[in-house]
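As recorded in Swiss-Prot:
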REGION    1-41  region 'Disordered'
CROSSLNK  Lys21  SUMO cross-link
CROSSLNK  Lys21  ubiquitin cross-link
CROSSLNK  Lys22  ubiquitin cross-link
MOTIF     30-36  motif 'Destruction motif'
MOTIF     110-120  motif 'Nuclear import signal'
REPEAT    143-172  repeat 'ANK 2'
REPEAT    182-211  repeat 'ANK 3'
MOD_RES   Asn210  (3S)-3-hydroxyasparagine
MOD_RES   Asn244  (3S)-3-hydroxyasparagine
MOD_RES   Thr291  phosphothreonine
MOD_RES   Thr296  phosphothreonine
Amino acid sequence: MFQPAEPGQEWAMEGPRDALKKERLLDDRHDSGLDSMKDEEYEQMVKELREIRLEPQEAPRGAEPWKQQLTEDGDSFLHLAIIHEEKALTMEVVRQVKGDLAFLNFQNNLQQTPLHLAVITNQPEIAEALLEAGCDPELRDFRGNTPLHLACEQGCLASVGVLTQPRGTQHLHSILQATNYNGHTCLHLASIHGYLGIVELLVSLGADVNAQEPCNGRTALHLAVDLQNPDLVSLLLKCGADVNRVTYQGYSPYQLTWGRPSTRIQQQLGQLTLENLQMLPESEDEESYDTESEFTEDELPYDDCVLGGQRLTL
């Protein structure tokens, strides 16, 4: 008669292979790997776990949302603060972004940096703070003007003083000799607008008083004659302007006085200008045209017309 196996005999009925498989499953479920580690490795792992700390990380520079926002004119938050002359706010922004050159030198749609706008709005103290924070004074706007060009054009002596503060000999020389897209240096602009104090300051700092603008080679002295400004002429002569420097067409400053009302300027320059640079160049001799034919070669009358094989007499 068949009798069921007793509970204690189940393992024997499964066989040795099934028992080994079950044992491996238990090992895989419960073994964390610690038993296979050496004592030294285990101690090192415990030490590293104890040393784990959560440290706050600073957000990367420029990640602040307000730095990325621009108006339709391309103005940043700093541009707007300067335009609206919010000085306290501007100073706080400059303090926060000090050293962030990409933001400080960002140019709007007119290629104006915050430094350009500080000069335009006549805020020399803001301009000074921007320079200390890292603004580049040699960047140009859409007309090729550096901030110093604008200061000279507007006649803001305080801004000129801030922008020409000692920051290295090479830097100062570069900014003084820079020309805008019309070819004018800062000295040219100061001369054109008649700001004598700025002219004197620029020359004392090393500006080339005889620099020629590229359009026709006029120097500041030529410009002073064109503008009929005798006080500027006197100052430029005092600063060492060359009265015998000629334009690309060969005109000296004295020759530009002919036909102009200021006899004072003519007297000032006449005493110093070479004799051959005082008279206007002679015009072409009109009599030379009398000996020339009335017609050019292409306009001479025909004398060899032929019709039907017969020469025509004209």
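Backbone N, Cα and C define each Cβ position, glycine as well.
Residues 73-74, 76, 78-79, 82-83, 104, 126-127, 130-131, 135-137, 139-142, 145, 147, 150-151, 154, 156, 159, 163 of the same chain lie 6 or more positions beyond the ends of the motif 'Nuclear import signal' (110-120) yet place their CB under 8 Å from a CB of it. The helix, strand and coil residue counts that DSSP assigns across the repeat 'ANK 2' (143-172) are 19 helix, 0 strand, 11 coil.
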